[in-house]
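*Asks:* This is the structure I want to talk about, given as structure tokens.
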């Protein structure tokens, strides 16, 4: 697929130990098309989050992206970016929503400040312009703009995650990586947030790399799914196909462990 | 502000606890407590002064609780008795004079070493595993594990006696009278450098280790990773996301560290013959001047409680989560 | 507990620290073999600089500094370990009881702990010691043990709170085990690394504080220990008369013991808290990056 937005080729990531290495991601390749939602499924520890981190080059030691790996975003070689280019690339091209809704915002900075630092770094805008943009973004996720003066602890978990999504939208990125964005939230809030993301995606046209262990959510939300098992991608294809006619044994077992799905959500 | 109010009540209780120890100690010792407490005065103490002292310390005819209340009321009216050695100088005057020097020395040393230690801990944690981290952490361990008395004596020997760079005693040149003159302040500063640097050496390592550990525990937090994903500069992430949050537990450890700070300053003052509380206390111990020894526990405790309260206030200012909820 | 021992064997800081401490213990135990002098007796002329006869010189009273140093090590180590043990026993017991029992018990113990923490330790010790008179080493150890447990109680309580939520504790409760058994056999082994850190930290504290109290003239000046060596040297104005050996010998001994114990403590902390560990994996990681095998 040459028109892919994100193209991952032969991605191999090790966690270096004192004597032996742990291979977290083993020769994984996949593509995400513009405007598409691509899901990574698999149990915890299978390497999904490691891939998510690699897309924004967020890993620190002892993680090591092996040579031969390739990540391209809109044709740009992500692994080849130097420090400055990388700082510029982050958030402008790829924004990210993290696992724990309660913990993604800096507890000691006002919401406004956490918008401002991203806007100033990337667009060099003034505080006034940043405030306008912040108000616009907060409205997008149904939070009253005047609350930008508040601190994170003054919001509920669902609201905090909506604020994070608003910060993601601030620079109109091409790709939003969502690493288990709703695990810490209750089911009603979960649904509400995913619907909101879906609407925003239709309006603004970004792609989503969606990571969860919740298969029900995944089938509903994603256009295509890749199934991971201990660092390897064992199967990928359209959600419908992965769900109805899984080829790999592991995928079949995954579905079997979620009996409520059969005929429920999709059927 | 309920939080701060509760702290004040707690500190009051702690102060009374220190006073209670003072009250019971001489009474727990074998023998006559009055004779024990004022024995070092011999027969020099005029009888009416001895009576006044006995009243101050609660040695009145009556049940124990009455004695206790008598003692507490003299403390809360600011009467700590008179020094037996420097009779008839009141203990409050003696300690008050010394307190000024100690607060100057300890306050400056604490601020410098807290700032320096937090900075070093932050940088070491941010670049953990690097050569810088190894050097900083190992020196911090060494510095904290050497007793203040050893550091002080070695510093005095090397920089005072051998190299002769700094004076080996007193807070200012004894030939100069205290005044608002440049010469006097220069002399004070010159005399303060060696004790100050020694104290900073003793204290900085502890703050460095605390800050490094707090910071390392925070680096994996989602908001720190998200700050990096936002493409912010390293410095912005390190200072405003990681260090700013790691500072909160570091500040609360400052409250506990203050005890060590006071202990360290006692010893440093004795070694450098610096006229603060430590040295006054040392003279009192040698003379078994119990009113002064007991008085210094109260003054030190009060100083500790006031500093703890200042730490509480700064904690409230630093943590928005405490500000609103109260 | 076993893991802790294996970790210690692999940790370089732990090995160096252990070697230093063991060396000092060995010298203290073998003191009679390492000197022919009586540490208390006059064995030479006053304030002799180091020489072949007196390798660390003599004191103002003509006592041999090396003999006093190695016999003094016995006292300093004995007080340090005895007080450290006492502090740890009191702190651990109170911490586990407060953390496990919770409720009113916890409130009382925690209130007490916080109170002891805000009363400055050294001034308090000075008052107590001054009333006791010239305190012998074991009296000092006892006073230290009874006044310095608060920090240990606090950290042990915090650790107990997290351990008691774990399944094996719940299981033991379901099976109706008595509380003291749960605290002794389920909780205690699982807070052991905290107890270890507390113990080593307390030994350091006790060694330093004993020396300080004696230096300030609150010990028994006839006891031979590093603290009384400092006291006597200071009283003899050793530094101003140029007899640096008299004061530097106990200083360096105290510093060495402190550093050895601290290295051990730091190592235990690293093993108990893996996030603080840096170790050999980073060296391997850096070399892989350098050789172009991969990147971040």
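One-based numbering along the chain as shown.
Any Cβ shown, glycine's included, is placed from N, Cα and C.
Caution: TrEMBL annotation is automatic and unverified by curators.
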*Asks:* So which range, B:182-209, B:210-237, gets flagged transmembrane segment in TrEMBL?
*Replies:* B:182-209
*Asks:* How about long-range neighbours of the transmembrane segment (B:182-209): same chain, 6 or more residues beyond its ends, C-beta under 8 Å?
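*Replies:* Same-chain contacts beyond the ends: 104-106, 108-110, 112-114, 116-118, 120-121, 124, 136-137, 139-144, 146, 148, 151-152, 155-156, 159-160, 166-167, 170-173, 176, 250, 254, 257, 260-261, 264-265, 268-269, 272, 274.
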*Asks:* Please determine whether the transmembrane segment (B:98-122) and the transmembrane segment (B:9-29) are in contact (criterion: at least three Cβ-Cβ distances under 8 Å, sequence separation 6 or more).
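*Replies:* Touching, no - the transmembrane segment (B:98-122) and the transmembrane segment (B:9-29) miss the threshold of 3 or more Cβ pairs under 8 Å.
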*Asks:* Same chain only, please: residues at least 6 beyond the ends of the transmembrane segment (B:134-162) with a C-beta under 8 Å from a C-beta of the stretch. Say none if there are none.
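*Replies:* Non-local partners: 117, 120-121, 123-124, 168, 194-195, 197-199, 201-202, 204-206, 208-209, 212, 263-264, 267-268, 271-272.
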